[in-house]
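According to TrEMBL:
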type: DOMAIN; residues: 34-320; note: domain 'Myosin motor'
type: BINDING; residues: 131, 132, 133, 134, 135, 136, 137, 138; note: ATP binding site
């Protein structure tokens, strides 16, 4: 983590003596680095000092750090369920000043929720979740949705609570479907999203969740026919090849053990290759089995077209 960032070495010995002295002074301060919960308190602010601070917090199992009004989240690459308990959500929601608590994604969620509640005429609020592949954007989005499902429900209305839970569940059920058709295994991430996602949560005048909408954009369609070395196509193709039943293979004309040159690395077994998870999620979203079969037939025909196009025939002509 400290070796290179944006092409620049983060080794303090690679810089001049003046910067090295600044770094030594920073490292010799009385306050332990892992206790600096806001990067604006780092002095001097350099690439080295910021990375040292984040590394110290990471090694202390502290994965959230403020940077002014921005929250920096580090992927722990291990389960940390205690960070996302419903009790912790309620603690941040009930706190008079949640920003005084430890940095957390729930602080961001609560601040935007209070911004809506405090305004006489509510104004739409937005949270931008960005980062490179494998940074944890999908997990962060899920955590925010769970948070709003807990806090944006009336504590006295069982019906309101069930509506919020149902909305949350439908959004979460959409994830396996979108990930199957829009995610792929890349060099940096086994479940990399190859598209952008915009999630809209809708509240009524009482700030209770009443609906939601999910939009996707900028899907990397070229991956269907062309993948980088040691990367894979979209998960759904591998799910069909590995998870189809004998009857479905006959129906879709998919021989057992069939291989395709545009489905590289099929021997790799990933958690995302589970066909049943995708089918179950589609059922929860109201996509019945006959409709699912029609969808998978289209995918199978695309597989046949790409694999079976004549030599020299342009790919887009084969797809037409």
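Every residue gets a Cβ built from N, Cα and C, even glycine.
Curation plays no part in TrEMBL annotations; they are all automatic predictions.
Known features from TrEMBL, placed on the structure.
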residue: 131; record: ATP binding site; contacts (Cβ under 8 Å, 6+ apart): 73, 137
residue: 132; record: ATP binding site; contacts (Cβ under 8 Å, 6+ apart): 188
residue: 133; record: ATP binding site; contacts (Cβ under 8 Å, 6+ apart): 186, 188, 189, 192, 193
residue: 134; record: ATP binding site; contacts (Cβ under 8 Å, 6+ apart): 75, 188, 189, 192
residue: 135; record: ATP binding site; contacts (Cβ under 8 Å, 6+ apart): 73, 75
residue: 136; record: ATP binding site; contacts (Cβ under 8 Å, 6+ apart): 73, 74, 75
residue: 138; record: ATP binding site; contacts (Cβ under 8 Å, 6+ apart): 175, 179, 191, 193
*residue 137 (ATP binding site) has how many other Cβ neighbours within 10 Å of its own Cβ?*
17
*Env. residues of ATP site, Cβ within 8 Å of mean position of 131, 132, 133, 134, 135, 136, 137, 138 Cβ*: 75, 189
_Suppose you look only at the domain 'Myosin motor' (34-320); what would the mean pLDDT be?_
86
